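Per TrEMBL, these features apply:
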DOMAIN    11-77  domain 'HMA'
TRANSMEM  170-195  transmembrane segment
TRANSMEM  201-219  transmembrane segment
TRANSMEM  240-261  transmembrane segment
TRANSMEM  267-286  transmembrane segment
TRANSMEM  424-445  transmembrane segment
TRANSMEM  457-482  transmembrane segment
TRANSMEM  767-789  transmembrane segment
TRANSMEM  795-814  transmembrane segment
Amino acid sequence: MSESVEKKNVQYLVLPIDGMTCASCVARVKQTIDGMEGVASVDVSLAAEQAAIGFTDEAPDTATLKEEIEKAGYKLRSHTRDLPLPGFNDPSAARRLESQLKELPGVEEALFNTGSETLQISYIPGLASTDDIVHVLEEVSGLQVKWHEDENAQDEEHERREQIRIRRQFHTALGAIGMALLIFVLTMEHFFPFIKAVPQTLRFTISAILSYWIVLHAGRDIFKRFWYKLRPGKSDMNTLVGIGSMVALIYSSVVTAGLFFNPETFAGLPVFFDSAAFIIGFILLGRSLEARARRQTGQALRSLSRLQPEKARVIDGQGAEEWQDIHDLKPGQICLVKNGERIPADGVLLSEHAELDEAMLSGESLPVTKKAGQLVLSGTINSGSALRFSVVQTGSETALGQIVRWVKQAQNSTPPVQKLVDRIAAVFVPVVIVIALITLLGWWLSGAPVNLVVMHFINVIVIACPCALGLATPTAIVVAMGRSARSGMLIKSAAVLETMIKVDTVLFDKTGTLTKGALSVRGVVPLNGAREEDVLRTAAMLEQHSTHPIARAILSRVRERNISWENVDKADMMTGFGIKAKWQDVVIGAGNARLMQALKAPLDDEVKAAAQKMAGQGMTPVFIARDRKVTGIIGLADTVRDNAREVIETLHGYGITTAMVTGDSEVTARVIAKELGIDEVFAEQPPQMKSKVVKSLQEKGRRVAMVGDGINDAVALTAADVGIALAEGTDVAVDAADIVLLRPDLQMLVRVKRLAKKTERIIKENLLWAFGYNVVMIPVAAGLLYWLAGIWFNPAFAALAMAMSSVSVVSNSLRLRYMKLD
């Protein structure tokens, strides 16, 4: 099934692509897809080996997509699975089933074994429609088919294939390098005088046979892609390797043949059979080491994907336990989870309490205590006694499923700096070929010996490295996104990291962000002849209809005092004001000063003085009105988060201005702002005005990050340059936010800032190395050192330098996994 996510009316189709080896490949794939009808955007990741195709209306034609990508020289990766069809064993129907399945877009192969009654089907995830496959299966077989798209199984299958391929490539590289060393001994008689005992023609002939075998056998994949690209006049890294090794072989073969037919002319000319063999051997070695390192960049995502168990222990209606596949779980089923086992789905805890290890989801190292009625999350570990819960969400709809999906999407995204790299990569190989031809012509016209002319040409072709350019940014992004997810920080795109670095103002929502969001009644002031009990009773009659934190705090105090209240059938919620209702033909209300004005309940000097006193003590005053009179004020206060001041100070250290937006009065807001050291205060702002505060700061030229709880901040989070939501595990679906912090710890905001800066530094280092390497090494390879100081090097060293360049970039990106963020 296509891995599509909808964001800002754009859907994304993620396709796995094999065969990309360098930045030129990325540019070629992007060019190929970008020109297709219906495509809105394309992000191609060399590190993830995927293309994320954005479209707004209908998805691009799948058959055309596959054809164009393969025409460009790449292959869409397929997934193979076995599907049992018990009772279906009709040979003629089986052939019809195979035929109809193969006609479906994205289905590569379908083979049915009548003996085992099992269908083996190979299909391309993202292109093949599983609904169409199931329809054909059920129509032809007459069976009810259960099909679950298991992305973990696909990833594990690809992982196994990659391990086998990398191992084979590594062993092939070692064999090629070993044989190249033998060729080196046979052709370098000035280093090994004893070899002169063997006739030169025999030594060169043996070397030719060995080097041709290495190039055409060990390097067959390189040459397949080289020839495939050559036909339509396209090029990539394989083009450079192919040209370099073939020129070395052809030149050396001509010299060897000349020794047989015209020994006087060709005697004394060196050959480069060893260079051709070393080029292939070192390129394969570099690619295998690079692939191993690249696999490590996605380790965090694979760890997240494997958190969900495959089976769940379900309690049936009679209380019996049975194991069930998690794909068959349905909302409402009761699951039992014993100590040390993972929760198989999101659900509501039925047991009285539970101790859960949520470290892999939220980064919280200590066990989290849950009470009956609270949500438990898929993938977390039961670290206490056995628990029971009722299933709410399963599979990809769980919090874990959403996290994995967002991390994949983020890893496929590219920051703006990658656009420049892509433009350079698109012309890199042709430019290198032109430079090599100029080098060849220059040395030829200078009258240099033919062996030097050929050697410098090969060096330029082989030493150039577009691979490092292609890996510089995506490997750092993949590692950074994995690191952030592992630490409980969901960053939804690579561009967000770049924007986060430029943020100069952080705007905090107060309640639930700077404070814990656990309001409590700190004082009650009765007015106009009312008693404290009357004030609380009136407030309870209204707040019973609300779920606002203020309502919960007031009702909690009323219940503590055992105060009874009458029911009010209907209450009007007035956003940004409060709540009002009619009771016994009298209007009652609870809210702020603006609500009192609306209810025509005057705020006399006594009322104002009491409210100001509460505000001066950091309390939020809630006015209670009855029949156009303010009968009392309830003062509520929240507890500031433990590390809020420390975080504000750290942000100031980065040169960031801090601001707070709240619906509280100016006096109350400034008390808290002073306590925390916040620079600016925007008080008495209802939820719908928060976005205007963001825009007013942006109009002053500021880059704003808005931090809120995601409940009533959606518009402001969207308006900000970076929207950051503090969530609690299950609230990961804060669509408006660019960054979701999976636990309410403000220190994670600082970690995001540090991760962004460290990622930027790694990308800059990678790009500096990738560009610097080519800028310095191509002139050296062209013979600059030989011209200045008579120093030259064998093309084999050029191949080794190129291979190690890519490995260096990937290894540097992996440093992000271990850098400290605290």
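All positions are counted from 1 along the displayed chain.
Just so you know, glycine gets a Cβ as well, placed from its N, Cα and C.
TrEMBL: automatically predicted annotations, no manual curation.
Keep in mind that this is a model prediction, so the values were computed, not measured.
Counting only same-chain residues 6+ beyond the ends of the transmembrane segment (795-814), those with a CB under 8 A from a CB of the stretch are 180, 184, 241, 244, 248, 272, 274-275, 278-279, 281-283, 285-287, 289-290, 293-294, 296-297, 455, 458-459, 462-465, 467-468, 471-472, 475-476, 478-479, 762, 765-766, 769-770, 773, 777, 781. The recorded stretches the transmembrane segment (170-195) and the transmembrane segment (267-286) share 3+ CB pairs below 8 A when only pairs 6 or more apart in sequence are counted, and are therefore in contact. Shown for the domain 'HMA' (11-77): DSSP residue counts in helix, strand and coil, namely 22 helix, 21 strand, 24 coil.
Same-chain neighbours of the transmembrane segment (767-789): 417, 421, 432, 435, 439, 443, 452, 456, 459-460, 462-465, 468-469, 471-473, 798, 801, 805, 808-809, 812, counting only residues six or more beyond its ends whose CB sits under 8 Å from a CB of the stretch. Mean pLDDT, taken over the domain 'HMA' (11-77), works out to 77 on the 0 to 100 scale.
Counted over residue pairs 6 or more apart, the CB atoms of the transmembrane segment (424-445) and the transmembrane segment (457-482) come under 8 Å in at least three pairs, which marks the two as touching.
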